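Student: Provided herewith is a single structure, encoded as C-alpha cells, for subsequent inquiry.
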Amino acid sequence: MNQPGETTHFGFRDVPLNDKQTMVNDVFHSVASRYDLMNDLMSGGMHRLWKDVMITTLNPPRDDAPFRLLDVAGGTGDISFRAAKASGAGFQATVCDINTDMLEVGRQRAVQRHLDGQVDFVEGNAEALQFPDRSYDAYTIAFGIRNVPRIDLALKEAYRVLKPGSRFLCLEFSSVDVPGLNKIYDLFSFKVIPEIGRVVTGDAESYQYLVESIRKFPKPYDFAEMMRDAGFARVNWQMMSGGIVALHSGWRL
C-alpha cells in the first residue's frame, strides 16, 4: 500500500508515486504509432540484434510441445512475433501491456503477420497481473520494466505467474562501461534522441523522459539483487554493445 506523500522518479523529476503510471501511459499514447520506427532510429537498428539475442537465450521449443510465453510491456508485439518465428506449433504468447494504443498497434500487426491465432493481446498492469499462479513457461519484458512505478512488485508478479523450472528474461538499457563511449552516448541520448522524437513524432518531451528513465534504472548488480529478493535463482546478466543494454536472466526453480 502506498504511503501518503510517497514519491518516485519520472525521468529526473520526483513525482507522486500514484501519478507515475498515468504519466508513463501518456508518453506511450503519444508515441505508439511510431514506436518501432523510433527504436530503429534511436538505436541504429541495434535493437533488432539485442532482441535476437533475447530470443536465442529464450530458446523456445521448435517442435509441437506446448509453450506459453507472457510478454509484459510488449504492446506492439515485437518480442512475441520474434519468439513465434523461432518456435514450433505449440507456441502461444500473451502480450500484456497497460497502454491500449500500443496493444492496438500490436493486434493489427499480428493479423498482418497471420499470427493472431498464436499471439493474443490483453490490457494489464505488471504490478498486479490477472493471470493464475504458475501458468507460463517464460516471461519476457523488453525495455519496459524501467517504466514500472514499483519494480519490486513487477518482479514478484513475474515470479508468481511462472511455472517452476521456467525463465524470466528482461532486456533493458544499462550503464555504458567503455571509456569515451559514455560521453558519446550521453551526447546522442540527450541532444539527438529528443530531436529525432520531435521530427518523427512531434513529441520531444516523451523521448526526453525515455532517455532520463534509462539513467535512473538500477545498475545491473542492483537489479540482480532485486530479482533474487523476488525469489529468482541462477540470476545473471549479459552486457551488450559496450554496456548500452543488458539481458537479465533468472529462473523460478
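Each residue, glycine too, has its Cβ placed from N, Cα and C.
Bear in mind that the values here come from a model prediction, so they are computed numbers and not experimental data.
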Student: Do you know which of ASP63, ASP64, ASP97 Swiss-Prot groups with THR76, ASN125, ALA126 in the S-adenosyl-L-methionine site?
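Tutor: According to Swiss-Prot, the candidate sharing the S-adenosyl-L-methionine site with THR76, ASN125, ALA126 is ASP97.
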Student: Among the binding-site residues THR76, ASN125, which residue has the fewest other Cβ atoms within 10 Å of its own Cβ?
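Tutor: Counting other Cβ atoms within 10 Å of each of the binding-site residues THR76, ASN125 gives the minimum at ASN125.
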Student: Helix, strand or coil at THR76 (S-adenosyl-L-methionine binding site), per DSSP?
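Tutor: DSSP call for THR76 (S-adenosyl-L-methionine binding site): coil, neither helix nor strand.
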Student: Work out the three-state DSSP category of ASP97 (S-adenosyl-L-methionine binding site).
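Tutor: Assignment for ASP97 (S-adenosyl-L-methionine binding site) reads strand.
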